[in-house]
């Protein structure tokens, strides 16, 4: 056994081979691989047949789904791509796009034909046809205006989420992440900086008409809005019959009063007529502006009042209508107001002679009020943006930068007066959110919003001021524990609150909507309840000019006390203004109901049968409210406008992510940089 194994190991191993030789033709015929298309088709088919029926069904479904998605994407992208790559033709009523700032958003309402077009073809002024949001928000905006900033364009601004409606899903997908700034609990999203305006004057472009395919279905005007339209027409009838072209109507004596002799009521009401859809009335007023409004006259005007009412009204009407007549008039009055800034401190004088080109303080003092010199910025900044002339914005920005550095503030609260020679605050130690200081706080926030949330000094001043209000001016009344804003005089608190302070709930809500702390909205809700009670606890249901709140419970006493000198009502808009903001941001119908009560009481106690409405001297006497025989221009410019917007079911009617209202309720566009 051993020897056999050894012999086997010693012998060499045997190797067996099989040799097969095939020709190329035989290999192909035998089904070998040759990389031909026919062979690959047969191979794929065998693999397909080897799959189960379920697997084949899943694959077929995926292919069909991808094909459908492709078709939908193509149709959705077609129009935006077309608008990006094509220029509007002249016969479409739009102008070529040019470098510079462009309004971020389309016009709220349909724009009219060009000025030289047939006036009989003037388009419908219905406020119920706002632009339809495009599928992709990054497309070019329909409203195009040549602006003063160099080589910077505005893109379409994404709508932020509102409590009133669900945001469109496409908007959610398009929103980009931005860096955030936190300041005492406030989280904000700053936009990129815009460049300073060029000193070179440019010819402005006319806002283009909103294209038909971008129009929403009309939102029907409801009964409450119709009641506002009727009230406006009644007021306008009195003005047209007895005060046409003059500043203010005296409805009882069927006459008029003059302040500047510039048709204040008519100019203040222009954009209100446009928003309400009153085409005939608007056309009549436009003809007066074109033919009779002349600023070259020897008359002193108040810088603040003429800026917010005349300049603001003309700029707003230009943006809504696209009619360059109003921009030309705005440039004229803007230039004539500039001498007010020729002071040693750059703090403007209160009065300007627009014919002589001279300015001066009031006869009794060299002071200006803080509210007046810090509440003209929205208008002058926008005028620079439209004309390309930086002097307007430079003048008002210098005022804000100077006030930012001043001492004499109390936790952000400012005194009421500032000296035009020294540039310093005067009458120190008195702090209020009422007359002479109110709109300073309003314009801090609104300038920050107007400029694309970039100017953080403005935001810092605003946030500090609200903290100062909470610390020094907030109290609660008895017996209903209403939160109110009082006044501070040399360390002594006064439970006095002007009706003017009722702008604050709306301003706080606007700030919260733009990313500031939610505590501001809570405070807004508490304060708007107080402002409503200033009406509800009064015999006529109309608020007096000033109220005093009871800090201690007394039997038989309400929260609100009214002194004889304070019981007049001037048809003011501040409470209705805040009701509009609160309803727009919360959707709570009670704010509409409160506004409806106020309108009914205006009709009951201030309406004059022959036309117009009158302010009254005694809100506590329903039998004889003692009419004053005066209809303030802001009743048409603000009060009825905010009423109409409050009752509107269309939240895009003057979209608050696209427009910011000046303190006279004239909407101006928000700048959104590229």
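Backbone N, Cα and C atoms are what each Cβ position is placed from, and that goes for glycine too.
Any TrEMBL annotation is an automated prediction that lacks curation.
The transmembrane segment annotation in TrEMBL covers 57-77.
What TrEMBL lists as region 'Disordered' is 83-220.
Taken from TrEMBL, the feature compositional bias 'Basic and acidic residues' covers 148-178 (among others).
Positions annotated as compositional bias 'Basic and acidic residues' by TrEMBL: 200-217 (among others).
Feature annotation from TrEMBL assigns active site, proton donor to 305 (among others). Cβ neighbours within 10 Å of residue 305 (active site, proton donor), excluding its own Cβ and spanning all shown chains: 17.
Of all the Cβ atoms in the protein chains shown, 24 others lie within 10 Å of the Cβ of residue 438 (active site). Sequence annotations record features per position, and here TrEMBL assigns active site to 438 (among others).
Under 8 Å, Cβ to Cβ, and six or more positions away along its own chain, residue 502 (disulfide bond) finds 527, 528, 531, 534, 543, 574, 575, 577, 578. The feature disulfide bond is assigned by TrEMBL to 502-531.
Note on residue 545 (active site, proton donor): other Cβ atoms within 10 Å of its Cβ, all shown chains, come to 19. Marked as active site, proton donor by TrEMBL: 545 (among others).
Annotation source TrEMBL lists active site at 574 (among others).
The Ca(2+) binding site annotation in TrEMBL covers 663.
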Count of other CB atoms lying within 10 Å of the CB belonging to residue 663 (Ca(2+) binding site): 25
Rounded to an integer, what is the Cα-Cα distance in Å between residue 305 (active site, proton donor) and residue 663 (Ca(2+) binding site)? 10
Using the structure shown, find which entry in 531, 574 (the recorded positions) has the sparsest Cβ neighbourhood within 10 Å. 574
